[in-house]
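As given in TrEMBL:
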DOMAIN    1-36  domain 'EF-hand'
DOMAIN    47-82  domain 'EF-hand'
DOMAIN    93-128  domain 'EF-hand'
DOMAIN    144-179  domain 'EF-hand'
Amino acid sequence: MLVELKACFMEAYDDNQDGKIDIRELAQLLPMEENFLLLFRFDNPLESSVEFMKIWREYDTDGSGYIEADELKNFLRDLLKEAKKINDVSEDKLIEYTDTMLQVFDSNKDGRLQLSEMAKLLPVKENFLCRQVFKEGIEGATKLTKDDIERVFSLYDRDNNGSIENEELRGFLKDLLELVKKDYDAQDLLEFEETILQGVEYSSDGKISRKQLTMILLALAKHHQEEEPTTP
């Protein structure tokens with residue numbers, strides 16, 4: 001019965017017939033307002049993970065490292081105002097929307113959103129570090145040009161002050177972490193930050209320079225090479 005139910009479900013909602021339910025197909029299952037909220041976010045992705053981390057800091061008001069239900073409700077209220085310019089959403093409706101979004105994105109079912117779960121609700125246009133130039137092993141690393149480094153640096157140095165710091169740094173580290181870990185939370189990001197920064201012998205001000213960024217990107221390419229299976 002379950003197999004038959006799955007087949008019927010996929011036939012009804014798997015529009016592109018790829019054997020998976022993507023976010024747009026999933027949205028069809030939601031009530032109209034939640035459907036709208038979901039598609040609005042995916043039609044209007046953030047420029048980069050720097051913006052994501054700024055939003056995370058804004059709504060994680062208690063600094064717990066999670067977006068709890070009340071914080072998510074505040075986020076959805078502001079999102080509705082941004083999307084439809086409306087201010088008259090009732091508290092009951094907001095609670096209903098919050099519950100729905102938690103059901104969809106809270107994959108470990110702990111009643112709150114960790115970083116990787118919120119990242120699915122709040123996508124960015126592209127993780128620039130997924131590009132092929134960073135995945136070609138040490139040979140690829142030698143192909144990294146000054147322009148490649150400058151593009152990455154300018155992507156994260158949003159205030160153009162010549163260093164990557166604060167939310168800029170955390171946005172960069174979030175993108176790095178996503179390359180090696182599917183599910184991650186704020187503690188994972190903090191530990192990852194300590195490991196990465198120790199590796200480049202950073203100064204106590206917690207900033208990354210172009211030189212240090214270059215070292216990290218070269219190490220990233222080398223890491224990909226070591227992960228490649230060797231053929232006998």
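Note that the numbers count up from 1, one per residue, in the order the chain is shown.
Positions of Cβ are set from backbone N, Cα and C atoms, glycine also.
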Summary of DSSP states over the domain 'EF-hand' (93-128), given as helix, strand and coil counts: 21 helix, 3 strand, 12 coil
Counts of helix, strand and coil residues, the domain 'EF-hand' (47-82), according to DSSP: 25 helix, 2 strand, 9 coil
DSSP-derived helix, strand and coil totals, residue by residue, for the domain 'EF-hand' (144-179): 23 helix, 1 strand, 12 coil
